[in-house]
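Novice: If you look up Swiss-Prot, you'll see 246-440 marked as domain 'GATase cobBQ-type'. Positions annotated as active site, nucleophile by Swiss-Prot: 326. Under the heading active site, Swiss-Prot lists 432.
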């Protein structure tokens, strides 16, 4: 089996999409290929068919490889709960909560597990495309590294180093990274990639020659800056700004926002623009307000109260349409109870009182794939998604359920999810990915169109659009990189 590892000079240099592109290229060339990231830190996660939790970046990479996402592609997921603590997910299940130092001490324990996981991939695939995290030059973490050079050493993988020229300083970041690697690590780096380039590459070439003279490693290509409608799992998410879009969707960007990939399908609608708001001054008059998921719902509710957004949301709820997802659904209720102090020591807190319901946080996390249908709609109107939450919500007779769940992890079930007020303009659900399918997305957006005097439209199938975008990404990267050299590095062709 062949393997290649993509590492970067820093976070957000484009490692994830380079891995996705290589997965699609190798697949197009007839190889069975699998993505692998030993440890990911993200608040955007996904639930597999067997009810296990993994990072969203490896989900996109799995689709690029033509695979159903599985947790062996991302054995360890860290979900920050505060500046100093994270929830640790190992092989799709909650391992526990720990501080950075506690987790640093746990890494030795996980090395053997990661090695065994990778052995299974060697048996099943022609090529594994690995992804590092942050930078391999974090010299204070070197002795227990399990995600960059430490992981490359465990499986003896060659490395390509990616630098982001769009931020500036790409030559210094590449040369500086190489300077901080030890001799064994330097030998693993077989090439560099310049990512997110704008302009004429001829102007860049002299710098590439000088860089190669300094670090003695060839540049394998320059990838142009390209806007693609593919999800971004990084915290500083930026949605494509459209020159004009009649449907304005505002999203509350809370400090602990999670699973904002729920919004990706919405931004695929041509007449929809999405903007994040962090203050009441930015609120304005949106056509739809979305309150997304949160890794710390109580802290984010306190944030809404402190910054004045609570008042804006309540005023908007008189005539505007509001959708809350997971944590955003919980804050819409009358009360959140935390008897086991899962999130804070407060015990309980008053909600926004826009839905007559109460949420209680339990000890165990619910992670499940679900299929549902809108209440009072035809059975064909199916919504697919997944749940990731520790809260159980109970509502009064003043609110109605939004969905009926009929399938849970492949088993037939019959229970309700979500809630909608009597007026029908404030609603919430635990289902992540609720907009990915056509049914609910088209229904909501068409209601907004009609309200503004616009014609109804058919929504495109998000999965089809994603496939086209992945092919486009692969074409761009194939044209930009020396693929013959990359095949030579991994010992193929």
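Backbone N, Cα and C atoms are what each Cβ position is placed from, and that goes for glycine too.
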Novice: How many other Cβ atoms sit within 10 Å of the Cβ of the residue listed as 'active site'?
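Specialist: 25, counting other Cβ atoms within 10 Å of the residue listed as 'active site'.
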Novice: Cα of residue 326 (active site, nucleophile) to Cα of residue 432 (active site): how many Å, rounded?
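Specialist: That comes out at 7 Å between the alpha carbons.
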Novice: Over the domain 'GATase cobBQ-type' (246-440), what is the model's mean pLDDT?
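Specialist: A mean pLDDT of 94 is what the predicted model shows over the domain 'GATase cobBQ-type' (246-440).
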Novice: Just how many other Cβ atoms lie inside 10 Å of the Cβ on the residue listed as 'active site, nucleophile'?
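Specialist: 26, counting other Cβ atoms within 10 Å of the residue listed as 'active site, nucleophile'.
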